[in-house]
Amino acid sequence: MDTESLSYSHPRTSPYKVGVPPKQKFWKEFATSLKETFLSDDPLRPFKDQSVPRKFILGVQAVFPILEWGRNYNLSKFKGDLIAGLTIASLCIPQDIGYAKLANLAPQYGLYSSFVPPLVYALMGSSRDIAIGPVAVVSLLLGTLLRDEIDPVKNPLEYRRLAFTATFFAGITQAALGILRLGFLIDFLSHAAIVGFMGGAAITIALQQLKGFLGIKKFTKNTDIISVLQSVFSSAHHGWNWLTILIGAAFLVFLLVAKYIVKQIEKGINHPSVGDIYFTGDYLLKGVRIGIVAGMVALTEAVAIGRTFAAMKDYQIDGNKEMVALGTMNIAGSLTSCYVATGSFSRSAVNFMAGCQTAVSNIVMSVVVLLTLLFITPLFEYTPNAILSAIIISAVIGLIDFDAAILIWKIDKFDFVACMGAFFGVVFVSVEIGLLIAVSISFAKLLLQVTRPRTALLGKIPRTNVYRNIQQYPEATKVPGVLIIRVDSAIYFSNSNYIRERLLRWLTDEDEKLKSGGLPRIQFLVVEMSPVTDIDTSGIHALEELFKSLEKRHVQLVLANPGPVVMHKLHASKFSNLIGEDKIFLTVAEAIETCSPKFAEED
């Protein structure tokens, strides 16, 4: 190879050079960033150029969406909602009684939580398909956290008061996230972590039902699999209740095939519970802590369900409105003897399949639950505990999503680690530890991606001027004397040193290969910066150090296609003067035309 062809003596052939955006005023730039962070959906757009009365109407409709879609409601839609509402009501009544048991509450409180919260959500929610009520995972989580503070058997009144307190602050947490436009925080719990957490919770819930299923009187209060199995087998020599086992097994088989309850249930509608909430005293902070945890888990599940069914029907839901609606309904619920309610996946799926059209299906379900509370609850008095356990087991089996876990394994092994970490944390330790593991692994993955971004060695696709990752396109050829590296991340203080060191390591490795093959060394390092969306002062400093290190090696640094934000900061920091304006190119192809013109003319 003629080394003279690599000399940096050829003028740039393109009439264009990388543009520097006009300088913006600080406050304007700050306001734009703030808007994109908290108001990315531009919620005030409908209010532009509207009269004051119209703005008032739009404001009321924004808080109560039912006033907007209710204007176009008709008999045809009501037929679909009526059928769907009756269907989910038939499903929710036995489930609510069982889920109340998971929360260590009397059965009527499960029914209460499917009466008031769905009514509030129907007024304020933006999802047409989500069905509201108690759910297994939140009931188990709430019951576990509450029982750590108060024994529900010895102190049932204090336990119930703490449950209402936790529900109140769960609602406050959810509504505050929506009002402050902080809904993006729930996205830190990844889908993989949720799959693992749900699966582990389903196993835990099913194991807890062995007490009623086997007729065991003395049963562990711990939720981990080891404690539960020890409790089960240690009671075997005292004798299990075989009649109970027979009844439970027969009913469970019926439920699993058909796919389709306990002590006396108090008759009547919800009692006011404002006076039961702890607003002072030692239990206040405990209620706040439990409420925040339960509220975040409930919020994550509800928003995920709402988005899923909205995508299936091709409409949009407002995540922040959903949070306000869910928070308001739980605040209202805490004042009317309800515990934490949220969107139920099983009920929402049934609601969807039954042909629901709007949130009126939740109203229909609430009316049916109301009639049940007023007239039918005495009929549940003699339902065996074994049947109740069978109902719960059949309901939670669907939470174990094997297909999702297999897909996660195929797509992303680190996601699978998060999934299994959450699963085993719940099964072998406790629900709260499993949740902590899920969040921790999700954050660890995020930090790893931020601090150790990907870089790629680029080569030229034959017969084109396109440069792509050599691993993805093995036919791509390297440019003699030029090393082209793409940085696939913004350059911040958290990763700037790593990126600098990684670029130098690329250079060292490539030089060693060339030296062993008797080929000319690298004279140009071209950094492809189109994926670099931003850079901070640490990033600029890292580039300056990289430039100095390359100078000592007699290698010239060349940048290709830096974006407007990056270009502005390169100019503001005078780095563009340090490197030279003539070494910043619009594309990699233009950089190669200058650095290695003979190679650029080939093909």
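Cβ atoms here come from the backbone N, Cα and C positions, even for glycine.
Listed features, source TrEMBL:
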- 119-142: transmembrane segment (TRANSMEM)
- 162-182: transmembrane segment (TRANSMEM)
- 188-207: transmembrane segment (TRANSMEM)
- 242-262: transmembrane segment (TRANSMEM)
- 283-305: transmembrane segment (TRANSMEM)
- 325-346: transmembrane segment (TRANSMEM)
- 358-380: transmembrane segment (TRANSMEM)
- 386-409: transmembrane segment (TRANSMEM)
- 416-444: transmembrane segment (TRANSMEM)
- 472-595: domain 'STAS' (DOMAIN)
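Stretch with the largest number of CB pairs closer than 8 A to the transmembrane segment (188-207), among 162-182, 283-305, 358-380, 416-444: 416-444. Long-range contacts of the transmembrane segment (325-346) within the same chain: residues 91-92, 95, 100, 103, 105, 109, 112-118, 120-121, 124-127, 130-135, 138-139, 142, 163-168, 170-178, 270-274, 276-277, 291, 294-295, 298-299, 301-303, 305-306, 395, 398-399, each at least 6 residues beyond the stretch ends and with a Cβ under 8 Å from a Cβ of the stretch. When Cβ-Cβ distances below 8 Å are used as the criterion, the transmembrane segment (119-142) is approached by residues 63-66, 88, 92, 95-96, 99-100, 102-103, 110, 113, 163, 166, 197-198, 201-202, 204-205, 208, 223, 290, 293-294, 297-298, 301-302, 305-306, 309-310, 313, 315, 317-318, 321-322, 324-326, 328-329, 332-333, 339-345, 347-348, 350-352, 356-363, 365-366, 392, 395-396, 399, 431-432, 435 of the same chain, each at least six residues removed from its ends. As a summary of secondary structure, the domain 'STAS' (472-595) carries 62 helix, 21 strand, 41 coil according to DSSP.
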